[in-house]
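Notes to accompany the following structure.
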Amino acid sequence: MKALCLLLLPVLGLLVSSKTLCSMEEAINERIQEVAGSLIFRAISSIGLECQSVTSRGDLATCPRGFAVTGCTCGSACGSWDVRAETTCHCQCAGMDWTGARCCRVQP
């Protein structure tokens, strides 16, 4: 019985120690994540966003060339609107007095 216990001790030691060691694949994956995260952060941090608001009388408000709609607002307490062709806000209620669009574009 003592001999069996002595034989099992090295096996148990290997099982325990193998869990604490980092495998080569894990180390490589961690390094790839670090480098990729750094590159992505640098790329994103250099991008700017330019936004402006446009307001028009009636039920349509169109963004300037190169800008896209990011949000719409309507007068007369109307909450129903849609975006047309990615550049124009359309308020769907009858008799709209004004329509607003928030327009943005990416700046490198």
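Start at 1 and count along the chain as shown; that gives each residue its number.
Just so it is clear, glycine is given a Cβ too, placed from its N, Cα and C backbone atoms.
Per Swiss-Prot, these features apply:
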- 1-18: signal peptide (SIGNAL)
- Cys51-Cys104: disulfide bond (DISULFID)
- Cys63-Cys103: disulfide bond (DISULFID)
- Cys72-Cys89: disulfide bond (DISULFID)
- Cys74-Cys91: disulfide bond (DISULFID)
- Cys78-Cys93: disulfide bond (DISULFID)
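In this structure the C-alpha atoms belonging to Cys63 (disulfide bond) and Cys74 (disulfide bond) are separated by 15 Å.
Ranked by Cβ neighbours within 10 A across all protein chains shown, the disulfide-bonded residues Cys72, Cys78, Cys89, Cys103, Cys104 are led by Cys89. When the Cα atoms are compared, Cys51 (disulfide bond) and Cys72 (disulfide bond) turn out to be 13 Å apart. Long-range C-beta contacts of Cys93 (disulfide bond), restricted to its own chain and to partners at least six residues apart, with a cutoff below 8 Å, comprise Asp59, Cys74, Ser76, Cys78, Ser80. Comparing CA positions across the disulfide-bonded residues Cys72, Cys103, Cys104, the one lying closest to Cys91 (disulfide bond) turns out to be Cys72.
Cys74 (disulfide bond) is surrounded by 21 other CB atoms, counting those within 10 A of its CB over all protein chains shown.
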